[in-house]
Amino acid sequence: MLLSTLQTPRSLSRLSLTRHSHSYTSRASLTDQTPTLTTSPPPHSEILSTRQTLLSRRASAADLALSRLAHLRLAEPRLRAFLHLPDDDALLAQARRVDARIAAGDDPGPLAGVLIGVKDNICTKDMPSTGGSRVLAGYRPPFDATAVKRVRELGGIVVGKTNMDEFGMGSTTEASAFQVTANPWDESRVPGGSSGGSAAAVSARQCVVSLGSDTGGSVRQPASFCGVVGLKPTYGRVSRFGLMAYASSLDTIGCFGSSVADTGILLHAIAGHDRFDATSSKQDVPDFQSHFVSVSSLESKPLKGLRVGLIRETIDKGVDAGVISAIRAAAMHFEELGCSVNEVSLPSFSLGLPAYYILAVSESSSNLSRYDGIRYGNQVYADELDSLYGGSRAEGFGSEVKMRILMGTYALSAGYYDAYYKRAQQVRTIIRNSFKEALSQNDILISPAAPSAAYKIGEKKNDPLAMYAGDIMTVNVNLAGLPALVLPCGFVEDGPAGLPVGLQMIGAAFNEGELLRVGHIFEQTLENCRFVPPFVADDDIAF
Amino acid sequence: MASAIFRSFQVHPFLLYPSTLLRQRNGVYHLTTKATQSQTDTQQRQPQTKVSTSSTQSKKLDKIPKNYEAIIGIETHVQLSTLTKAFCGCPYHYGSPPNSSICPICMGLPGALPVLNSKVIEFAVKLGLALNCNLAFNSKFDRKQYFYPDLPKGYQISQFDVPIASAGFLDVDIPVEFGGGHKRFGITRVHMEEDAGKLLHAENGNYSQVDLNRAGVPLLEIVSEPDMRNGIEAAEYAAELQRLVRYLGVSNGNMQEGSLRCDVNVSIRPIGQSKFGTKVEIKNLNSFSSVTRAIDYEISRQVQLHSQGQEDQIVQETRLWEEGSQASAIFFRTITMRKKEGLADYRYFPEPDLPAVILSQEYVDDIIKSLPELPEIKRRRYEQMGLSMQDVLFLANDKNIAEFFDATLAKGADPKLVANWIMSDIAAFMKNEKLTINEIKLTPEELSELIASIKGGTISGKIGKEVLFELLAKGGTVKGLIEKKDLVQIVDPVEIEKMVEKVIAENPKQVEQYRGGKTKLQGFFAGQVMKLSKGKANPGLLNRILLEKLNSKS
């Protein structure tokens, strides 16, 4: 298997910007040809190479952690991706446990020595977990989220808590109560959101992989903006226990990696039933790694027979031309790999955005009630109970959160429930059915992950509707509860080195394995595209 | 919610830091919030309406003036006796130290999720079936949202539009002393929900503390139809509900501990009027007698206002029942707790953290099979044995007594005889010794044996009583006691004759008097013979032989 061999350090050369310049028609003529295999090395698995390094005793987990941490700290002042970093001793203690297991001849676990960033709305024991909100400033949970617990049990090292839009409400990470994170591809741009910190940290190689959360696209859109792989699992695939709830029926914990393989390995680590989450599924978790096919053993048409549906509504008006051409090029690439690509229409697609916002804000208005200043978090001095509540919440929440709580409270109020919440639920059923139908005729559906590449910090801050509109590509998938993999597929010309464009692949429920298999082949065969931001190349840091 | 009784709420400066809010001491969390002095004084105590009947409470039913009728409905919360709370693994024990039985889930910490304890559904189905309800095979949980410091998540997990059981009824036999009769009260719905925590107010009123031990404890809320017409009916309904949950083993039904809580709704209207009067809710009823008294008080209050043309002063509100003594005067009253300003909007919506509650027919059938004989069926069965209603109610209304009774019958004893023994000597013993039937040493087997021994003539009824008290206090077996104490009845005429002759020989003066016409002395002789036989002589035989001897003038 390809991934079992350690590869040479990746080339950190500047990337080629040729991909987006291919036109759909000129590439179409190439479909009959054998695709030329990539000349630059494809993304490899950092997790597996870390494991090899450790098992061959070429470096200890402590050494690796220290060198990673040094890079992380170097990059941090410019990126501001982390809200909390443990001190070196705490981190080294985790690494030394891994080293001790290796020294004892025990299997250190599939995530041994892997530095993992964790979004700040995922609870970590004895580490601050604020959800990006002032209302929880300084709050330290007494327990690890199930996903974090599993990651730690498998040898992973939690390197820090990543920045995010407050409680996941935002698409730029600007709604964090604490700091604004920069996009490693262009520091004047947003990393996307709400898992912007997790995406930027992986993009800038501050950590190997990271956990995020995706309620309406919060893993996939920042993955697209930062040029990394982002996976939103099927609803119920990963336990939500320990994830601060935003919209419970839509929330999922997702994974970021710099390769499909790493993303899949991380998902495998955290997926599966959890008795502490009644909505977690008992479906078996297949070994995603075994689905990966080595690039050297790929046939000329490795995806022959795969039916790919390009969602017509996602390459329509309102989507940047550069994004559309990158996606069309990706579609061409699928054809080169032997897929049949057809455009499919999902007439209910445009209904997703309003339905999503009604349901998400309704549930959030309820989920955020617990931040009342009584038991934990921010509490103001007040003469009477109502003022204590009002003051604590007024001071603790940011404006975006307040707006959504107000909207959600309105939507659930007597007399409005039927017109808003109930209707949105009906729309959700329609959307779910239309995806089911489309996925019965196609093996996967593809679309852009966002209508544009990363935009400037501050550009949409005062225009919430424009920002909400940016979620059009992703919210439907949450409403349908389906898995989706976003991987970088090309660039638009902008910023100092071009800006990455993410391709979204949507699969049938619990079929992450197929998405990862296809994504892995796509990634390994994509020509002349290296998704390492200039930020990393500038620092010239090799791992 | 009782938001009005907790109006003032102030935070002490040292509590501004979250770390002091949740102090862990000896493994016990202390959740503290501070309130102002005025906190307890803000209860809207209305000037007490002077009602003439208020101090002369009696059990009579004729208190409602003949030209009015009262409409009463009851909401009952029953705390389920599951081993753990509804949505987490914490146990619940009444009276344990504050915040000693809490976890991230019942504290509502960020990221914590509820997972339903399946026993809650089982208990709800049991009670739903016992209340003759229709079960919802596909129901769900909803969130009921409001802010209060004892509600950690800011919402209560409850059931809104699809309760697990609905449209049932409860049959009640009104005790003979209250007029008797059989009543059927409608049950509107039964739904599952979680309990909230408790606020502990400092005596000086300076602060309040939150105890979350009770938060997340499973409850069933049972809503009755407005079918009761007076306090007794309401109290009997509540008592029957208590019996039912105890029979089913779903709750200890203890009102003092708050395991069974009744809120009653009372309105009155002139007879003949079809429109309902304004309904008033009464809380803080922690015994059946307070249910009776509070309702009858409230009816009187409303009737008085209505009859004086002040019906506009009957407003939709929640009133607290207070009873106690002040300056050696006993008082009962209901006082205003809060006025309702329109309907509260709880913004219910389906709980997304919990899957739908789906019941299969097989699951329900298994529960039906497991149901015990319920009080109503038991009463009808006892009635058919020919027992009086008074006996029926005494025996059937206490689950343990009924079990004892049935176990005794199972050994072949005659129902009426068993009932007599239990209702008289055994009940008296339990009352004197303050014991329950489970605590006495007598077993149903031995009671049955005792009755059989008397009936079969092995021992006399008199000896039987002695044996009974021995068994009640010390235990043992009837046979063992008879043997040990040599209590077998003497039925041998020769032996009795000898004793009779001995008594006659020893009391010549009395014999003379008897034979001189003072026949009353027969009792004296019988007593002497019985004494001689240590009570074992068969009384019939004794008297026959005694008379023979006394009258034979030999």
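Glycine too: its Cβ is placed from the backbone N, Cα and C atoms.
Because TrEMBL annotations are produced automatically, they should be read as predictions rather than curated entries.
For A:Lys119 (active site, charge relay system), the same-chain residues 6+ apart in sequence whose C-beta sits under 8 angstroms from its C-beta are A:Lys161, A:Thr162, A:Met164, A:Ser195, A:Gly197, A:Ser198, A:Ser210, A:Leu211, A:Gly212, A:Ser213. Residues or ranges marked as active site, charge relay system by TrEMBL: A:Lys119 (among others).
The active site, charge relay system annotation in TrEMBL covers A:Ser194 (among others). In the three-state DSSP assignment, the secondary structure recorded for A:Ser194 (active site, charge relay system) is coil. Within its own chain, A:Ser194 (active site, charge relay system) has A:Gly132, A:Met164, A:Asp165, A:Gly168, A:Met169, A:Gly170, A:Ser171, A:Thr173, A:Ala175, A:Ser213, A:Thr215, A:Ser218, A:Pro222 as residues 6 or more apart in sequence whose C-beta sits under 8 angstroms from its own.
Residues or ranges marked as active site, acyl-ester intermediate by TrEMBL: A:Ser218. Residue environment of A:Ser218 (active site, acyl-ester intermediate) contains 36 other Cβ atoms, counted within 10 Å of its Cβ in all protein chains. According to its DSSP assignment, A:Ser218 (active site, acyl-ester intermediate) is coil.
Sequence annotations record features per position, and here TrEMBL assigns compositional bias 'Polar residues' to A:24-33.
For A:70-516, the entry in TrEMBL reads domain 'Amidase'.
Feature annotation from TrEMBL assigns region 'Disordered' to A:17-44.
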